[in-house]
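One structure is given below, encoded as structure tokens.
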Amino acid sequence: MRTSVSIMSTTTYSPVLADVALPKATTTGGAWARTLGLITAGIALTALFARIEIPMWPVPITGQTLAVLLVGATLGMRRGAAAMAGYAAVGLAGLPVFAGGAGGPQMVAAPSFGFILGFIPAAALIGYLSERTWDRKPVLAIAGFALATVVPFLVGVPYMGVVLSSLGTHVTFGLLMEYGVTPFLVGGAIKCAIAAALLPLAWKFLGRPSADA
């Protein structure tokens, strides 16, 4: 027991990209303002990437997942998850931040909304891994971003099934795979590769190469 406690106590949390790239606040108020600004920027980036869209039903292909990966890795676990929760909240409040310019409380009944909920744990996961320098090493970056890419499906596909069933659709495993998984495999792999290429390059640009992580 003593050994395990000792090991846990030595766990290190490395600064994420935003903490290294931006000046640190010198006051408590400044720190809160900085955090709020980073979360707001994460919400805005996700809303912007939602405009990159290939319309499909019941779930469109968008650039949102790439934004989730970038925001989570750049901000870290807590701020990344907060940004995605904020993104869902402002969309439900009526701002047109979702794919296709959608927004409003009625979106909870959309088959695609479960994927938006899944962005929260996805950002938290990649943020957690980035706090342990996974985003600085190309091989670990690919693995981490791949894991985070899967998370929205774990939430979104069952959610889609429930919504479609409530609309009278006969939901089968094959239908869920056809509309909720298969169309996104290639795009998901591309977005994962883009994120896994960008983050190590960003660290190298800042003078923190993967070998020093």
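Every residue gets a Cβ built from N, Cα and C, even glycine.
Database features, via TrEMBL:
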type	residues	note
TRANSMEM	31-50	transmembrane segment
TRANSMEM	56-75	transmembrane segment
TRANSMEM	82-102	transmembrane segment
TRANSMEM	108-128	transmembrane segment
TRANSMEM	140-161	transmembrane segment
TRANSMEM	181-203	transmembrane segment
Establish whether the number of Cβ pairs under 8 Å between the transmembrane segment (181-203) and the transmembrane segment (31-50) reaches at least three, counting only pairs separated by 6 or more residues.
no
One stretch in 31-50, 56-75, 82-102, 108-128 has more Cβ pairs under 8 Å to the transmembrane segment (140-161) than the rest, namely 108-128
